[in-house]
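See below for the structure under consideration.
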Amino acid sequence: MADPSSFASPEKFNIKHMHLKLHVDFTSRAIAASTSLTVRSLQDSLASLILDTKDLTIKKVAVNGKDATFALGTTHSFKGTPLEITLPFSLTRGQEVIVEIDSVTSPKSSALQWLNKEQTAGKIHPYLFSQCQATHCRSIIPCQDTPSVKFTYYSQVSVPKELMALMSALRDGELSEQSDSNRKIYRFKQNVPIPSYLIALVVGALEGRKVGPRTTIWTEKELLEPSVYEFAETEKMLKYAEDLAGPYVWGQYDLLILPPSFPYGGMENPCLTFVTPTVLAGDRSLASVIAHEISHSWTGNLVTNETWENFWLNEGHTVYLERRIDGRLYGEEFRQFKALGGWKELQNSVNTFGATNPLTNLVPNLHEVDVDAAFSSVPYEKGFALLFYLEQLLGGPEIFLGFLKSYIQMFAFKSVTTEEWKKFLYSYFKDKVDILDKVDWKGWMHTPGMPPVQPKYDMTLANACITLGQKWVKATESDLGSFSADDVKDLSSHQLIEVLAILLLEKPLPVSHVKRMQEVYNLNDVKNSEIRFRWLRLCIRAGWEDVIPLALAMATEQGRMKFTRPLYRDLYNFEKAREQTVNTFLKNRSFMHPVTEMLVAKDLHISAS
């Protein structure tokens with residue numbers, strides 16, 4: 001299956017191993033890389049290789065130690081520039097060669113965010129982190145930047161000696177750099193084959209604390225205590241995940257808590273999950289982000305979508321496993337409650353994109369579509385809804401878990417397509433083919449909008465949320481006195497999130513209602529980011545001008561796209577806030593992550609910088 005998001009030709013050759021030497025330079029904001037690729041030919045008379053690059057300067061290419069000619073092709077607006085290497089001799093099928101490439105990144109590499117010391121918690125040292133998913137590894141090193149190709153890697157990273165480097169691999173020691181006493185070299189090895197999007201690097205003033213037999217938490221020292229508290233249950237989650245999905249093959253499961261500009265909730269980099277500090281709620285209520293990233297150790301990292309059009313295979317299964325872990329930790333009613341909340345998230349995404357937008361297909365066509373622009377909760381929640389629906393159809397949670405375990409065993413260390421997944425589903429449930437044949441596969445997979453069927457949910461925990469939400473929707477001015485702090489005193493933070501999510505799917509409330517809500521529930525002071533985000537959106541939609549500064553503060557003080565993009569969009573759509581919103585973005589854009597900055601600029605109809 002051709003990957004529309006890559007120039008590389010995985011049907012002609014595969015990278016089997018990578019040896020990286022990286023030199024991180026904070027002054028020039030560049031990484032100089034010497035990349036050694038072990039390449040295996042998949043055909044006879046292979047005379048050239050095409051690799052993905054983006055904003056890279058290629059200094060030199062050698063094949064088996066001999067200089068090789070190379071040329072950069074035409075640059076594509078978001079795919080980057082193909083690098084064509086002419087081999088000094090043609091390869092036969094199965095033959096391997098070592099391709100060495102010296103390159104330097106651009107300061108505007110889309111995979112890297114360089115933070116100056118003022119943007120860190122410690123305010124003393126600069127900081128660098130990478131985010132390669134989906135198609136940004138090519139802006140660090142030349143590679144086959146497609147999830148269909150997996151390889152092992154070894155790496156040596158040179159950094160200023162007062163800083164520490166970590167990668168998505170096991171640590172393999174450190175040493176002083178011989179040629180420069182001000183620098184240090186950190187070494188890493190990843191012996192499990194991974195796709196390029198799982199290469200990850202962080203460099204900063206990091207400290208670590210062991211919180212379990214295979215988990216160390218890494219962060220700046222200022223965030224270490226709250227992080228250690230928040231993620232104390234990591235080993236318990238790992239054990240539940242192993243019970244559900246099979247043995248954990250990666251050895252170490254460390255967590256890195258990043259500065260606030262990190263664009264995602266978490267990133268499942270092997271051996272070292274990257275986590276947003278916005279989940280530091282102080283009460284462990286948002287730790288399910290960790291259950292999600294742990295689950296990726298099986299669905300995503302071990303069994304990988306072959307192209308980004310099949311992204312739901314990574315995310316739908318991972319959300320399914322995450323909610324099974326939630327069920328083990330907090331009970332089946334909670335799993336069902338989270339599943340229902342996911343359906344509302346899906347409705348939100350469909351409303352944002354539009355119900356006829358082809359990007360709301362479970363399996364979208366990404367030909368000439370930037371994967372970052374296509375990102376939404378659709379692959380997560382439509383994918384989960386399909387699996388949850390199949391669980392109910394095929395005999396319940398335990399029976400469906402048997403399928404999931406077998407699927408992971410069958411496709412471990414490989415990349416997989418939706419067709420292969422479906423074929424395996426049919427072969428596993430061969431005695432239930434008549435049931436499977438009744439599923440509207442076209443409606444689920446290749447049709448935009450909401451799914452053709454809604455699964456059934458246990459409503460025990462949701463009913464109180466629906467009742468309170470509807471009370472606010474139906475309330476007239478004279479009813480507002482009937483609300484009090486008692487309304488929410490028995491609700492968990494998850495239920496309060498759900499009340500606000502229900503209200504966000506309704507018509508905007510009058511300003512009088514949100515003002516009263518603030519009087520009785522004091523939501524402006526809530527620190528939980530998921531509650532705060534929905535509350536501020538509700539107020540902006542109601543047209544309450546007092547919250548404009550609070551919403552702008554949340555949009556700029558952290559950079560998690562799940563929060564930043566909708567807040568900026570809602571503020572832009574609020575006439576009275578528009579000018580201030582655009583000015584705030586223009587003032588802050590140089591401090592933003594490159595992908596976040598590009599997408600928010602698009603949301604605000606501002607041209608790229």
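The chain as shown is numbered from 1 upward.
Glycine is no exception: its Cβ is also placed from the backbone N, Cα and C atoms.
Taken from Swiss-Prot as is:
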- Glu293: active site, proton acceptor (ACT_SITE)
- Tyr380: active site, proton donor (ACT_SITE)
- Gln131, Cys132, Gln133, Pro263, Tyr264, Gly265, Gly266, Met267, Glu268, Arg560, Met561, Lys562: peptide binding site (BINDING)
- His292, His296, Glu315: Zn(2+) binding site (BINDING)
- Glu268: site 'Pro-Gly-Pro binding' (SITE)
- Gly559: site 'Pro-Gly-Pro binding' (SITE)
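The Cβ of Gly559 (site 'Pro-Gly-Pro binding') has 27 other Cβ atoms within 10 Å, all protein chains considered. Gly266 (peptide binding site) falls within a strand segment according to DSSP. DSSP classifies Gly559 (site 'Pro-Gly-Pro binding') as coil under the three-state reduction. For Glu268 (peptide binding site), other Cβ atoms within 10 Å of its Cβ number 24. Close to the residue listed as 'active site, proton donor', meaning Cα to Cα within 10 A, are the following binding-site residues out of Gly266, Glu268, Glu315: Glu315. Across the annotated binding residues for peptide (Gln131, Cys132, Gln133, Pro263, Tyr264, Gly265, Gly266, Met267, Glu268, Arg560, Met561, Lys562), the two most widely spaced Cα atoms sit 18 Å apart. The two recorded residues His296 (Zn(2+) binding site) and Gly559 (site 'Pro-Gly-Pro binding') have their Cα atoms spaced 23 Å from each other. Annotation for His292 (Zn(2+) binding site): spatial neighbours Gly265, Gly266, Thr318, Val319, Glu322, criterion Cβ-Cβ under 8 Å with sequence separation of six or more.
When the Cα of Gly559 (site 'Pro-Gly-Pro binding') is compared against those of the recorded positions Gln131, Gln133, Tyr264, Glu268, Glu293, the shortest separation belongs to Tyr264.
Cα of Gln131 (peptide binding site) to Cα of the residue listed as 'active site, proton acceptor': a distance of 15 Å. Secondary structure from DSSP puts His296 (Zn(2+) binding site) in coil. DSSP gives Gln133 (peptide binding site) a coil state; it is part of no helix or strand.
Its own atom aside, the Cβ of Glu293 (active site, proton acceptor) has 26 Cβ atoms within 10 angstroms in the protein chains shown. Met561 (peptide binding site) and the residue listed as 'active site, proton acceptor' have their C-alpha atoms 17 Å apart, to the nearest angstrom. Taking the mean position of the Cβ atoms of His292, His296, Glu315 as the Zn(2+) site, the remaining same-chain residues with a Cβ inside 8 Å of that point are Gly266, Glu268, Glu293, Ser295, Thr299, Gly300, Asn314, Thr318, Val319, Leu321, Glu322, Tyr380. Sequence-distant contacts (6 or more apart, same chain, Cβ under 8 Å) of Glu315 (Zn(2+) binding site) comprise Gly300, Pro379, Tyr380, Gly383.
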